[in-house]
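K.L.:
According to TrEMBL, the protein has these features:
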DOMAIN    5-201  domain 'CYTH'
BINDING   Glu7, Glu9, Asp145, Glu157, Glu159  Mg(2+) binding site
BINDING   Lys11, Arg55, Arg57, Lys65, Arg125, Glu157, Lys193  substrate binding site
Amino acid sequence: MAQALIEVERKFVPGPDTEDRLQELGGTLEHRVTFCDSYYDTPELSLMRADHWLRQREGSGWELKCPGRPGVSGPHTEYVELIVESAIVAQLCEVLGTEVLGAGGVAAVLGPLKLQEVASFVTKRSAWKLVLSGAEEEEPPLRVDLDTADFGYTVGEVEALVHEEAEIPAALEKIHSLSSMLGVPVQEKAPAKLIVYLQRFRPQDYQHLLEVLSPSEKPQGTKAPDSSLG
């Protein structure tokens, strides 16, 4: 995991003029794309309860998001992304307390690890990149994804990828600066699509997750979810 990139991100609620504002700030629309994500976990949601998120994205393969630094606070999150299947399998076995399985890929260990699909939905995304004015030429751009899921939830994300923990504070400063330019309230917290999906369609699983979700991942107001929404 030491060589994996660290994803520092902040989710927000995009407004009707967010894309116009991105253009005004010099952002470039990279593409618009539609894709299907399927998430896997044990029946007890052992991975999610340990803040690990296993996803298979249509056309992109498997990804496992693992928690970054402990004790992170504020409206942002930090994750280490694993995309090499052998590394994903090793981490899954570690989190689930199982002996490391054979050399097969992720699909081969779903059954032995009792992993099953717990959510699947389609997302329409517009993907932007933007370099803040005054930044060094070699600085990687910030990425802004604007997503609308097929169950009616829209969320934006400002993301920076860094190689070392020492780079996180500078990345956070840029993320918060761009968020401010986009009109995002300082303490606004928008949950991930998967969390809202579980809240709406798997309320019992969602209630179990509430015990361990970080504040930035909890939807506003955590009363009993209404599964009829969306």
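Using the three backbone atoms N, Cα and C, a Cβ is placed for every residue, glycine included.
No curator has checked TrEMBL annotations; they are predicted automatically.
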K.L.:
Around Arg125 (substrate binding site), which residues of its chain at least 6 apart sit with Cβ under 8 Å of its Cβ?
P.N.:
Arg32, Val33, Thr34, Phe35, Asp145, Leu146, Asp147, Thr148
K.L.:
How many Å separate the Cα atoms of Arg55 (substrate binding site) and Glu7 (Mg(2+) binding site)?
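P.N.:
With the alpha carbons as reference points, the distance is 15 Å.
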K.L.:
Just checking: which of Glu9, Glu157, Glu159 have a Cα that is within 10 Å of the Cα of Lys65 (substrate binding site), counting only these binding-site residues?
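P.N.:
So the list reads none.
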K.L.:
Taking the Cα of Glu159 (Mg(2+) binding site) as the centre, which of the binding-site residues listed as Lys11, Arg57, Lys193 lie within 10 Å of it?
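P.N.:
Candidates kept after distance check: Lys11.
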K.L.:
Here are the binding-site residues: Lys11, Arg55, Arg57, Lys65, Lys193. Which has the lowest count of other Cβ atoms within 10 Å?
P.N.:
Arg57
K.L.:
Here are some binding-site residues: Glu7, Glu9, Glu157, Glu159. Which one has the most Cβ atoms within 10 Å of its Cβ?
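P.N.:
By the 10 Å Cβ neighbour count, Glu157 comes out on top.
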